[in-house]
Amino acid sequence: MFGLPATTTAIMVGVLGFWVVYTLVFYFTTGGWSVEDVDKDTGEVTR
Amino acid sequence: MSIELVFLVLYFAAMLGIGVWAARRKSATTEGFLLADRSLGPAVTALRLQSSSMSGYMFLGAGSLGYSQGYFGMWYALGDVGGGVLNLSILGRRMRKLSAMLGSITSIGYLEHRYPSPWTRAIAAAVALFCMFFYVLAQFLAGGQGLAMVTGLSVDVSMIIAVSVIIGYTFLGGYLAVAYTDFVQAIVMVIGMLWILVATLQYVGGLTAGHEQLAAVDADLLTMWGVDQQYLGEWGVIIGAVLIFSIGYMGWPHVNVSHMAMRQPSVARRAGLYATGFNLAFIPAAYLIGMMALVIVPNLDNPELAIFEVAATVLPSFALGIVMAAIMAAIMSTADALLLQAGTIASHDLWGRFRKGAVDERSSVNVSRITVLVLGVIGVVLAITEPPGVFSIVVFATSVLGAAFVPVYVCAVWWKKANTPGALASIVVGTVAAVTAQLTGSSDSIGFDPMGIGITCSVIAIVVVSLLTQRSSPVPEHVLVAVEEAARVRPVPARLAAGEDPTLASQLPDLDRR
């Protein structure tokens with residue numbers, strides 16, 4: 001792809017893809033963290 | 001005045017404006033000055049974290065590596081892309097909560113609170129200052145070389161001008177000023193880098209055509225194994241290249257302070273998204289432009305100027321002015337963040353912590369400014385008399401910081417048995433091992449990256465020493481409670497809020513000093 005050797009393409013796409021998946025998994029599996037968001041001014045939990 | 005200089009002056013004026021605005025907004029408390037009152041949202045957190053840790057290196061070191069080793073340099077980029085989200089996902093939320101519960105307002109002070117001992121702060125501060133000096137030196141070199149390209153002045157004169165501006169700018173304001181200028185810099189950096197990349201690819205006829213021309217120079221440049229395939233099978237070096245900018249970030253005190261300044265622990269979630277997005281757009285581009293420089297500007301005397309030379313060749317003069325101004329401002333922004341942190345360590349973590357008797361605000365600020373000046377003068381003298389390469393300095397400082405601090409920051413929130421002797425042993429062993437490996441050239445002699453060696457030693461040290469000393473040096477009860485609470489996903493109970501629990505109140509700094 002793009003004139004690169006297959007190994008280079010596989011490593012580049014594979015590792016960059018891993019980070020994208022890692023980021024999305026991190027984001028979507030941590031939705032529950034919002035329960036500890038306390039407004040500093042009011043002391044109320046914000047949603 | 002050339003159009004490049006006009007844009008440079010305009011850019012500095014804009015940054016100065018942000019600095020003045022932030023200085024007016026900042027709180028009168030120490031927490032306000034050092035952590036922006038823990039008020040930063042996900043975008044500022046993510047982009048500040050990214051821009052302050054990579055700008056000077058990315059425009060000189062990364063381009064140089066791409067120019068000299070082709071796609072082998074991408075191993076560094078592949079680790080770097082995940083560095084931000086890795087740091088935020090592993091440390092972000094827990095470090096934000098724990099630092100608030102322990103009443104910590106500096107990233108070095110946080111280590112002393114988690115691993116209670118004055119030695120923790122003294123040793124950590126000394127190692128951090130040592131490494132930060134080298135990192136600042138890299139920014140000075142980058143700033144001098146960049147300004148020389150724009151102005152046509154000699155590199156030495158340009159460096160003195162650049163450093164003078166950096167030091168003057170650093171005196172302006174606290175963390176809020178640095179955070180918001182870094183945020184703007186990050187956006188401009190990514191726009192500037194992508195602008196150069198698009199113009200570069202247009203110049204060489206597209207990505208595929210560029211690769212074909214690169215293959216004509218040396219087909220090995222398109223492989224992940226370097227010129228003459230010298231790194232084929234050298235997995236110790238390759239894994240070290242991936243790890244240095246991925247997990248290495250977690251050991252940088254001036255980066256980890258971003259976690260402590262987050263508005264809420266959950267800010268880490270969205271900040272992770274932004275960090276990866278920024279990194280994907282920005283990081284590989286630097287290495288790719290460096291590679292294409294082999295086609296566009298071959299036979300460079302100084303490969304670290306690859307990106308500057310490519311920009312000067314492929315961009316029209318008005319665009320060149322904007323991009324050059326952005327590059328210069330980004331370099332300077334990184335330097336001011338580092339100098340602010342170095343000044344903070346000297347004034348707050350060393351002078352304020354260990355000097356007997358009351359420390360007033362004026363003496364604390366004076367210590368901070370003297371530190372910045374001393375670092376600046378020594379840096380300039382060293383850079384002029386015996387200038388090392390930006391890439392080698394950054395790799396050296398990153399390796400030592402990573403080896404010294406990654407285990408103590410990670411274990412602080414993830415392993416409650418990690419105690420003070422374990423942390424001290426880890427910092428000392430990691431530093432000594434990484435420096436020794438660097439000086440003896442471990443990559444060439446035994447095929448292992450210095451940070452890999454250093455971090456392996458520091459992990460073993462913290463685990464073994466902590467387990468052996470559990471009875472003689474148990475983790476204090478109030479620290480155990482705070483670490484367990486940081487792990488739980490729920491609002492921090494009022495009794496554990498810093499200053500309200502009498503066992504924690506003694507750790508609070510004297511906020512009245514400022």
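Even glycines carry a Cβ here, placed using N, Cα and C.
Per TrEMBL, transmembrane segment is recorded for B:6-24 (among others).
Panel annotation: around the transmembrane segment (B:73-91), residues 45-46, 49-50, 54, 62, 65-66, 224, 238, 241-250, 255-256, 259, 268, 271-273, 275-276, 278-280, 283-284, 286-287, 290-291, 409-410, 413-414 of the same chain, lying at least six beyond its termini, place a Cβ under 8 Å from a Cβ of the stretch. Per TrEMBL, the feature transmembrane segment maps to B:73-91 (among others).
For the transmembrane segment (B:122-141), the residues of the chain that approach it from at least six positions outside its boundaries are 55-57, 60-61, 108, 111-112, 159, 162-163, 166, 253-254, 331-332, 334-335, 338-339, 341-342, 345-346, 349-350, 354, 375-376, 378-380, 382-383, 387-388, 390, 393-394, 396-398, 400-401, 404-405, 408, 424, 427-428, 431, judged by C-beta separation under 8 angstroms. Here TrEMBL flags B:122-141 (among others) as transmembrane segment.
Annotation comment: TrEMBL describes B:147-171 (among others) as transmembrane segment.
The transmembrane segment annotation in TrEMBL covers B:183-204 (among others).
The annotation transmembrane segment is assigned in TrEMBL to B:232-252 (among others). Nonlocal intrachain contacts for the transmembrane segment (B:232-252), taken as residues 6+ away from its ends with a CB within less than 8 angstroms of a stretch CB, comprise 53-54, 75-76, 78-80, 82-84, 86-87, 90-91, 224-226, 395, 398-399, 401-406, 409-410, 443, 446-452, 455.
According to TrEMBL, the feature transmembrane segment maps to B:273-297 (among others).
Here the transmembrane segment (B:367-384) has Cβ contacts under 8 Å with residues 133, 136-137, 140-141, 144, 156, 159-160, 163, 166-167, 170-171, 339, 342-344, 346-348, 351 of the same chain, all six or more residues outside its ends. According to TrEMBL, the transmembrane segment annotation covers B:367-384 (among others).
Look at TrEMBL and you will find B:390-415 (among others) tagged as transmembrane segment. Here the transmembrane segment (B:390-415) has Cβ contacts under 8 Å with residues 56-57, 60-62, 64-65, 90-91, 94-95, 98, 110-111, 114-115, 124, 127-128, 130-132, 134-135, 137-138, 141-142, 243-245, 247-248, 250-253, 256, 304, 422-423, 426-427, 430-431, 433-435, 437-438, 449-451, 453-455, 457-459, 461-462, 466, 483, 486-487 of the same chain, all six or more residues outside its ends.
According to TrEMBL, the transmembrane segment annotation covers B:422-439 (among others).
As annotated by TrEMBL, transmembrane segment applies to B:451-469 (among others).
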Cβ pairs under 8 Å between the transmembrane segment (B:422-439) and the transmembrane segment (B:451-469), at least three: yes
Chain residues in Cβ proximity to the transmembrane segment (B:451-469) (below 8 Å; excluding those fewer than six residues from its ends, i.e. six or more beyond): 236, 239-240, 243-244, 247-248, 398-400, 402-404, 406-408, 411, 415, 417-419, 421-423, 425-431, 433-434, 437, 442
